[in-house]
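Features reported for this protein in TrEMBL:
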{"type": "REPEAT", "residues": "166-200", "note": "repeat 'PPR'"}
{"type": "REPEAT", "residues": "236-266", "note": "repeat 'PPR'"}
{"type": "REPEAT", "residues": "268-302", "note": "repeat 'PPR'"}
{"type": "REPEAT", "residues": "303-337", "note": "repeat 'PPR'"}
{"type": "REPEAT", "residues": "338-368", "note": "repeat 'PPR'"}
{"type": "DOMAIN", "residues": "482-574", "note": "domain 'DYW'"}
Amino acid sequence: MAYVDSLLSKCTCFSKLKQLQAHLIVTGNFQFYTCRAKFLDFCAVSSAGNLPYATHIFRHITSPYKNEWNAIIRGIAQSNRPIDALTFYVSMSRSLCKPDALTCSFTLKACARALARSETPQLHAHVIRFGFAADVLLRTTLLDAYSKCGDLDYAYNVFDEMGVRDIASWNALIAGLAQGNRPTEALLFFKKMREENMEPNEVTVLGALSACSQLGAKKEGELVHEYIKSKNLDCKVIVCNAVIDMYAKCGLVGRAYEVFNEMKCLRTHVTWNTMIMALAMYGDGEQALELFERMGQAGIDPDSVSYLAAICACNHAGMVEEGMKLFDDMDRCGVSKNVKHYGSMVDLFGRAGRLEEAYKIVRSMPTVPDVVLWQTLLGTSKTYSNVEMAEIASKKLVEMGSNHCGDFVLLSNLYAAQGRWHDVRRVREAMKGQDVKKVPGFSYIEVGGTIYKFMNGDKNHPKWNEIYWKLDEVSLRIREYGYVAETNYVFHDIGPEEKENALCYHSEKLAVAFGLISTPDRTCISVNKNLRICGDCHVVIKLISKIYEREIIVRDRTRFHRFKDGACSCKEYW
């Protein structure tokens, strides 16, 4: 049947594939299962094929052989409906033809793509029962499925039990940990991998860079970058894009720009868009727009993501007119708008206090506004204490079934700032009734290559006494500069003194204080926070940067704040 492979390779479109099928039927070769299996596999998987047609042929086979089952399961696993592969797997398991290692591998790949969390352990049980557990490739596929489904403890167990680990095994675990909000462990395994003389490849460094980006781990990121250069992996554009993103998210936008300018490979849309968005998040709207112009001059037409990044740059820099022009230019240039572009315009007007224009954008949308857009309007309404607009947005969010804690907290905080404690209690009762949990604030700081995490009011750090003493010292020194605690950021019906104490130990202040006692004088301190930095912390850190002569970079949920000499790069526009 070797000639069948040759004929299949010449089928460049579906019509030719059907002609070949007719030929095989006429010559009597289609009755042989080996021939049918090859045809089915090509028809189900190749770009010239047609999966529905392959499925139709399969359903008319009275007793499919193993290779035919595998061909159709493989094709469905790679389709846009991978979950359907599980149905075929179950049918095969109930037939006289039992799954083999390849069947399990294809089905596990379907689980990974469909994020089939409950089905993956069942497949794992089958792998053990059928005696395939020693297959290294299959165990790696199993590890990858657990990782992508978010079952990282199971993934680690599979990895730990592997007698032989190849590069794919390490990559699956590192990527899974990085994508599964366990970036610290991802970096530990990256180090361990190198200690065991396993050489990281392109996929490995992408996982490590992702972990560094999440943590804001500058030192670790620089070490990964040095490795990339030593192995010439920076000749690949996907790696360069990830390095740019890593430096940007670590607050080193200058280093990101250096990598961008020194790239050995051809820049893609992703490269330009990543760099524009990096400048946007850093509040450098003018340079972001200059780069946007350079993109067009370089012969790369900005796409919808490019325009989104440029409008975001205008948001963070308060460049309302420029943002409006970009939004209008999209129609002129034939670039389609989506809900994110409308959301950015709502954010642009909202940050500028032009809430009526923001609401007008919402009402003018050609599609139904999504949850994120209404959340944006709610956030800007809270910033400018517009209770009426906040209630409109909140009502829409309830109608859409949003159960996000931030929606309730924003409205509750707005009522609290107005002294409307009855409405605060009403919102918080609604939170309890819907079992909505408030996301706790936390901050990361890297010192000496180690990542430290602080929660609000944290006393778990071994040096917590020194940290709190430093904050007391900071509190005394900033008062000499006229600081008065902005207690309107504490949304509880308590006295002024209790409110001031509640502000003192926010996670970002603890992280900065730890940085002050743990790093040399006049060196930069970098902090990552999972939520938006509060107004009081913003004021305090500005003063710390002046008094202690420190540059302090805080990356919060929405942007970077670079504090230096008592000022912030956001120019109070955040």
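Cβ atoms are placed via backbone N, Cα and C, with glycine included.
Annotations in TrEMBL come from automatic prediction, not curation.
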Mean pLDDT across the repeat 'PPR' (338-368), rounded to an integer, is what? 90
Residues outside the repeat 'PPR' (166-200) whose C-beta sits under 8 Å from one of its C-beta atoms, at least 6 past its ends, are 136-137, 139-140, 143-144, 146-148, 150, 152, 155-156, 159, 206-208, 210-212, 214-215, 217, 220, 224, 227, 231, 451
For the repeat 'PPR' (166-200), jot down how many residues DSSP puts in helix, in strand and in coil. 26 helix, 0 strand, 9 coil
